[in-house]
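Below: the structure, in structure tokens.
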Amino acid sequence: MNTPTPHIQAKQGDFAKTVLMPGDPLRAKFIAENFLENAVLVNEVRGMLGYTGYYQGNRISVMGSGMGMPSMGIYSYELFHFYEVETIIRIGTAGGMGDDVKLRDVVLGIGACTNSNYAEQYGLSGTIAPICDFELAVKAMETAKRLGIPVKAGNILSSDLFYDGGKGKEQWRDMGVLAVEMEANALYLNAIQAHKKALCICTISDHIFTGEALSSADRQTSFSDMMKLALETAIG
Ligand SMILES: O=P(O)(O)O[C@H]1O[C@H](CO)[C@@H](O)[C@H]1O
Ligand SMILES: O=c1cc[nH]c(=O)[nH]1
């Protein structure tokens, strides 16, 4: 096994079979400190903090992915291929695009559209549809219902651009895309290629067309819902 890797110092067995991945490594630290028991730091290379601990007696890891597809591409590839991780659940923020999508909404990315050429590497003679793991999505929907957390499920957009000059998003919205973030497409493609499981759960932190954005206090509560949903789905 190729461990440790250039980006992860953990040893074989340091990660649980399921890893939750926020973009922000400090969110990973927050989850480890507030939601996990007996959490142990397993990675800090490049400040990409990763922890393994227990949630209701179940072993779970949480690590930052960084921002954008190249970063998520590296970490999810190494976790799937070199650390025997079976499931990655991304927990991120996203910009709302759909007319029905409001601040604080929790969105499941069933499919991840993109403006990136990440899938070029597979040399396919057509266009692959990067989708989440179906069973994981069903489990998340059932868990959300049980916890009383409303969720919307559908296509999201994984964009290479955070600053895009405000152009081009209307067309995605008109095709029914609910929200924009920057990593799910690479995560789904890596999971599909490795025959593993992935799901992206997002909290809407701002709205692309109305310009509304959550205050930092609101973010904390809304993110708690998403983290609870991800943790309960992971152990479900
Ligand atoms: O909150 P995270 O998980 O980082 O997700 C979103 O926030 C970042 C941009 O601000 C991008 O990584 C985007 O996908
Ligand atoms: O990628 C992202 C994440 C949150 N909000 C956005 O507008 N874009």
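Backbone N, Cα and C atoms are what each Cβ position is placed from, and that goes for glycine too.
In TrEMBL, annotation is done automatically, which means it is predicted and not curated.
Taken from TrEMBL, the feature purine D-ribonucleoside binding site applies to His7, Glu181, Met182, Glu183, Ser205, Asp206. In sequence order, Thr93, Ala94, Gly95, Leu103, Ala213, Leu214, Arg219, Ser222 constitute the residues six or more apart from Ser205 (purine D-ribonucleoside binding site) in its chain with CB-CB distances below 8 Å. A strand conformation is recorded for Ser205 (purine D-ribonucleoside binding site) in the three-state DSSP classification.
What TrEMBL lists as domain 'Nucleoside phosphorylase' is 18-215.
Summarising the annotation, TrEMBL assigns phosphate binding site to Gly23, Arg27, Arg46, Arg90, Ile91, Gly92, Thr93. Thr93 (phosphate binding site) carries a strand DSSP state (E or B).
Sequence-distant neighbours of Asp206 (purine D-ribonucleoside binding site) (same chain, 6+ residues apart, CB-CB distance under 8 A): Thr93, Gly95, Gly96, Leu103, Glu212, Ala213, Leu214. The annotation active site, proton donor is assigned in TrEMBL to Asp206.
For Arg219, the entry in TrEMBL reads site 'Important for catalytic activity'. There are 16 other CB atoms within 10 A of the CB of Arg219 (site 'Important for catalytic activity'), with all protein chains counted. Under the three-state DSSP scheme, Arg219 (site 'Important for catalytic activity') falls in the helix class.
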Mapped onto three states, the DSSP assignment of Arg27 (phosphate binding site) reads helix
If you measure from the CA of Arg90 (phosphate binding site) out to 10 Å, which binding-site residues from the list His7, Glu181, Met182, Glu183 are inside that radius? Glu183
Of all the Cα pairs drawn from Gly23, Arg27, Arg46, Arg90, Ile91, Gly92, Thr93, the residues the record ties to phosphate, which distance is largest, in Å? 22
Please find, for His7, Glu181, Met182, Glu183, Ser205, Asp206 as listed binding purine D-ribonucleoside, the greatest distance between any two Cα atoms, in Å. 31
List nothing but the one residue from Gly23, Gly92 whose Cβ has the fewest other Cβ atoms within 10 Å; the candidates are the binding-site residues. Gly23
Most crowded position, judged by CB atoms within 10 A, among His7, Arg27, Arg46 as binding-site residues: Arg27
